[in-house]
Structure formats: C-alpha cells, structure tokens
Amino acid sequence: MAITSDQKNEIDLFHKQVEIENPSDIIQFGANYFNRRLELQRGFIKKQENFALSKGISLFPNDMAQDPMSTTHRSSSAVNFKSPFVDQDPHSIHSGPHSNNSSSEPFKSNFNVTTESKKRINSPMDPSQSNDDPSAGSNFKRSSPHPSNLSPIPVHFNAERRTSVSGETLQPGNFDDWTPEHYKEKSEEQLKRLEKSIGKNFLFNKLDHDNKRLVINCLEEKHVPKETVIIKQGDQGDYFYIVEDGNVEFIVNDAKVSSSGSGSSFGELALMYNSPRAATVIATSDCILWALDRLTFRKILLGSSFKKRVLYDDLLKSIPVLKSLTTYERAKLADALDTKYYEPDQVIIKEGDVGENFYLIEYGECQVTREDKGLLTTLHKGDYFGEVALLNDLPRQATVTASKKTKVATLGKSGFQRLLGPAVEVLKLNDPTRSSRE
Amino acid sequence: MMETHAQYVDYLPTKEKQETSQELEDTAQQQQILYQKAMNQEQPSVLQQRSTVSKGKYTLNDFQIMRTLGTGSFGRVHLVRSVHNGRYYAIKVLKKQQIVKMKQIEHTNDERRMLKLVEHPFLIRMWGTFQDSNNLFMVMDYIEGGELFSLLRKSQRFPNPVAKFYAAEVVLALEYLHFNNIIYRDLKPENILLDRNGHIKITDFGFAKEVTTVTWTLCGTPDYIAPEVIATKPYNKSVDWWSLGILIYEMLAGYTPFYDTTPMKTYEKILHGRVTYPSFFNSDVVDLLSKLITADLTRRIGNLQNGTQEIKSHPWFSEVVWEKLLSKDIETPYEPPIVSGVGDTSLFDQYPEERLNYGIHGEDPYEALFTDF
C-alpha cells in the first residue's frame, strides 16, 4: 500500500533529524524522538482545550482519549449528553450540587449513562485512565452509582457490528414456466414422515398443504458415506438437509457440540439467504439425506405468495363496494388481510350478529343460509361475503358456514378505518359517480 | 400533513422548486390534492425527474486513499483526500466479483441510483461514482463523528431525550424517503453516522429501493427485520417503521428486543412477536414502540391513515419542533470530539488494512453489469 503524504512528511522529518544528529543507537534515538514529537503535539492540543470546550468541542472526552498509546480508551470512557428536549426520563441522572463541573461545561443538562465504566478494568499501562482518580483533570462528571432500576446489558446480546443479509432478488411474476429441478414424487409414507420432520420449523409450518407437499417432493435424495463433511463451518450455504437414515455430528470451532440422527434436520438458514455456515456437520455413519436448495424453496414460497397477492387484488377489485379504491389503497388492504381457517360445519358469520369483518375465500366451500329461507347459495374460492359490514352497522343478513375446510382472508371495519379512514367516507369519497357539488 | 410537502421544497433542485412553490401558494386544498396524488402513486415522485447519470466525473487519480473507515461483505470504505481541493471524502469500494457472487447486482445498481437521487439533511450525500476493472467506487461526504453504533455501545444505552433526538431525525429522513417511494430496509445504529455537530446522516443505501407497489426480497439485518419479510409476504414501506421501533428500543435498552444466539432463533421470536419492555422505559415510548413493533399492519403506526404524521404527533415526540429539527435548529445532545479540518478519524474503529488493487484497467468480465457507474 502506498503511504500517505502525512506519513511521508513524518518519515521525512525523522530522516532529516537522523542525518543531523547521526545517532549511534538508532532505536533509542527513534524512541526518544517520537516521544518528544508526541509530547509536543499533545501539549499543543492541550493548549487548545479550553478554547475548544468553549465552542462545544471536547478534545479530551476521557482524559486520554486522544492518547494514541491507549487502546482501551473507547470502551472505558463516559459519554455525556446534552438534552435537546425536556427531560422526562426516569433513568437519566442529573448533575447535582456536588458536581465539580468546570464553568466551561457546555452541556445544558448532563446524562450519565455509562454506569458500567467503573466495572471495567483500567489499563495498567495508563494510570491516568482511572475513573476514580479525582485529580485526573477531567472536565466531565464521572459515573454515578448504578441505579437499581437499570439492568445490565444481557451477556448474550451480540454487541458487535451486525452484518446485513440478503437473499437473491427474484421476480415472482415470471415463475409460471418454472419447474423444480429435482421434483420427484415421494410415497405417502415418506410424505408423512418428512412432513413431521419439518413440521415444527417456522419456514415450513406456514405453508399450505399443497405447497408443503410440493416442497417435500422437491427434496433430493443424497447418499453420503461415513466421515463425509456434509457442510463446513464458514462455507456458503445453499442447502437444507433432513437426515433420512444415519447419524451426524455438529462441530463448532473444532469442538463437537452435538449430534443427531434420523428425522432431524440442519442448515435451514440457507433456505433464507446465503450466509456462512455456523457449524461443520460430519456423517458419523453412512447417511441417506434429503437436500433442498434455497432457490427451489424460495421460488415455491414466493410463487405462492405472489399468486395469493394477485388473488387478493383481483378479489378486492371485484367487490362492488370497494371498486372506488385506488391501487395504492387496495394494496394497503391486501397487505393487511389476515388469514383464518374454518373446519367443516364451523360458522363464520351468523345471521343477526353485528357485522365487523368481510371475507375472501382462498379455498374451500361455504354455505349461505337464512332462518326463513334455508340454503341460499354455496360460495367457493374467489367468492367474498360480509363486505356490507364496512358500510353500515346492520346485523348480518345471513349465516355463512364452512362446508369443507376453508381458508379465508379477512379484514374488519376497524382495521379498514385505521388504514384508510372511515370506510363510509373513503368509499364515498372515491366514488366516481358521486356528485362533485358536495 | 401539509407541512410535510412544504418541507421538501427546500431540498429539490431549483427547477422543481420554482414550479412547486408556485403550487404551494395556492390554497391548502390544492396542496392536499397534490399530496394525496403523490401518496396514491398517480404521478411519479419528483425524484424520478432527476438525472441519475454520473459517469466519467471522477477517477482514482483525483484522490489520495487513506485509512479504512469500515468494512463490509463486498468491500470497504476509505477515508480519501481530494488532490484538488484538499478536502476529505469517504469512498466506498465494492468488489465486482463479490457482488456477483453474492447475487447483489440489482441492489448495488439500486444503491447508486438511490444515493444519486436523494438530497436531505439527514442522508449521506454522494458526489459521484467510477470504476476500474475489479471495483466500483462511490465518492461520498466524509462524516467525521463516527457511527451512532459506536456512541451507543460506548454509552451502553441512551437517556430518553437523547434516543428521542436521534429517533426524530431518523423519522424525518424516513419520511422523506417514503414520500419519494423509496424504502430503506436496513435501519440500524451501524448505518447512522454523526456529523461534526452531532446530527445524523443515514448511510449505506445497499438495500434502498424505489417501490411503488410491493417488493419481495428478504433483506436487512436479522435483529431488525420485520415479520412480514421473514414470512415471505409482499411488503412495503411499513418495514422501515418496524425497524424504527427496534432502533428506538435498542437505543434505550442497549440491546434489541428479539436478540438471540442464532438468526433462526431471532426470526422465530420476531414471528412470535412478544416484546418485553424494561421497567425503566417511559410509558409514552412503550406506547409508541408497541405501535411500531407490531405484526398487525392495520395497527402499525406510520402505515395508517395519516402516515408519518401520526408518528410525529405521538406523545413521545411531543416536545419535538419538527420544522426546527429539519433545519438543524435544535441543539444536538452530543458533539463528537473532532479535530477539525484534518480528516480526524479518531471516532472510527480501526480495521486491518489490506493490499489494494485499485485502478487496474484490464479485462472485466462484469463490464456489462455495472454500466451506470
């Protein structure tokens, strides 16, 4: 790497000095020389300190924060805040009358939150870092005793910088001509068993029946001999695995952490995005595995999500009372729809009840009945009911009962109102037939 | 909602500014219509009329490359100094090969485009881009105060008014982005810088995207990802409001509400949605957070009828004078200790430097992928 001009200047200066003084012990000379440079520079900055503070800039926020010899200053220093807003904070600590604050203190009110700093071990190399030394020359107040209502930061919280993650950008609109690469029908017995294996995982348990079967039928059978490294810690992950038969062992940083056998699964994070494997997995016997790659999985998931979205949009468009909504408003409703499942014979809405929700049928079958007239009609996928509840508070005019297992998307009047405003007004406002004279 | 539109006029290029101010002199009703139109996507946002071309403006020879300010999955950010005006800038360098390998071509091109478009006091400014055969370069302002992340970890947690100050500036930045149909998607303390006066600058537009309807890509930072993104649902701007909730929580508590030992466990917690608020949280903020960190989109504040206005008029923000804040007319809670004018980097952590291979112009297998740079 090329050195910067600042570095070069410093080296040139030193070079010149060596030429002038021609020292016999170059190392001792260099050490003394740079210590002197440091002293000069710091002395200069120190002189600027009061001026800087009057401008609100603190050059030495932690006594030695500018000290290049100190590497621990950052974690052991206190941060002092001014309050731009009225303090309503129960856990802030105000500067009390005992404060030995200098008059140059630029802060309106002081908040001391680094309550942990005293617990830290001060650098033995740097006695001036001691927070307990009142002669340390700080312009800032030191930590107050730990208030009892402040719990410490949990030890398991990762306080390091967090890496962003991202899956591949897929366009679910053009999956129509896509077929999964490793599609192979599994036997009914296999399906049941595999369904059980993945059942508890949140990635799979939201899938509907058809998609779950599709995913399982896309599992690719893999035979690995004993001692095979199936995945390696730190490698990029693209596959999720289910153990059909055999045993595997998990190793993190060369230490065995656990093992598992038939029916277990591992590597599921790879189904979300590409990230380094957290552990190494080794076959401790000959194994039969099922593998699923991320692209296949996400395409199935996204494809179904997209179809559902198109269905919602079409349905919302087809409901006369919602016809006047703009694309944007319709999208907001579609995003907020809640899905519900009904078993056969379960009543969804009941004649005479006060209506709140409207329903779109995603799949299944429902019967609409009335006390006086009996069965009125049967509703199927793509039908809707209850939409009048958005506009008025009349009791339900009929009972709707699921006659097969039914999945509905639903939204209530109050949800509608929170999103777009009072339904009556929103729907009227957008109605193109509404008179403009109002 | 009215002020919302007027505020942005100051940050639009002159041409639009004149036209828009003309309109603003009209009645409040017309302003309402204008805003409503924009909100309803019936007309493209003003940003779409702005040029995103920045080719050939800079080269590597214009800068002297200095220390590394940060590293990421695709490259690193350097402090640089212009050989012409002696000023300091930050250059983000992305390795083309790494971008392609991680399948982030689209996000990278979006990042450049979004950065070129946006102009707001609380968003980082990009001056231009260039490339060699291995890398992409983005020239940006050097923001000396370091990351909000460093300040937060050093303080462990922020007092209520301090968290409120940073949150309020973030709200204004998000409001501007959303008004222009841009979702940010990666809010976290690591991506918020502090300028020399202590105001925020949101940086890293790696996942920012112009979206008028919905989008599908799973991205963000595990602790901050909204449940609808994890559940592979189509999503929109409201994911940023979720993340704002997490950010405010982290600033006040010192840790995030759904943290766990593995990302999968975190995602499970996010989907489960149970949040425990520490007893020292102020009751207003608990109310706000419970409305931000909710999976129910009909209850997530910012996504509702009155949009961002509802967040801005929430009791927790009651003492914030938004117009003053936007014009940086409010004193910041913390002024970073900076030695001015010398490219002071004391507030940035140290990263191991590596041998640089910048400036090679040879065979480039990815030439066709990044023609905008």
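The backbone N, Cα and C atoms fix where each Cβ goes, glycine too.
In TrEMBL, annotation is done automatically, which means it is predicted and not curated.
Copied from TrEMBL, the annotated features are:
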BINDING   A:E268, A:R277  3',5'-cyclic AMP 1 binding site
BINDING   A:E387, A:R396  3',5'-cyclic AMP 2 binding site
COMPBIAS  A:68-80  compositional bias 'Polar residues'
COMPBIAS  A:97-115  compositional bias 'Polar residues'
COMPBIAS  A:125-151  compositional bias 'Polar residues'
DOMAIN    A:203-318  domain 'Cyclic nucleotide-binding'
DOMAIN    A:321-437  domain 'Cyclic nucleotide-binding'
REGION    A:64-183  region 'Disordered'
Count up the helix, strand and coil residues in the domain 'Cyclic nucleotide-binding' (A:321-437) according to DSSP, in that order. 31 helix, 41 strand, 45 coil
Taking just the CA atoms, what is the gap between A:R396 (3',5'-cyclic AMP 2 binding site) and A:E268 (3',5'-cyclic AMP 1 binding site) in Å? 46
Expressed in Å to no decimal places, the gap between the Cα atoms of A:R277 (3',5'-cyclic AMP 1 binding site) and A:E387 (3',5'-cyclic AMP 2 binding site) is 49
I'd like the number of other C-beta atoms within 10 A of the C-beta of A:E268 (3',5'-cyclic AMP 1 binding site), please. 20
Binding-site residues A:E268, A:R277, A:E387, A:R396: which sit with Cβ under 8 Å of a chain B Cβ? A:E268
Looking only at the domain 'Cyclic nucleotide-binding' (A:321-437), report the model's average pLDDT. 88
Under 8 Å Cβ to Cβ from A:E387 (3',5'-cyclic AMP 2 binding site), same chain, six or more residues apart: give me those in sequence order, or none if nothing qualifies. A:I319, A:V321, A:L322, A:F358
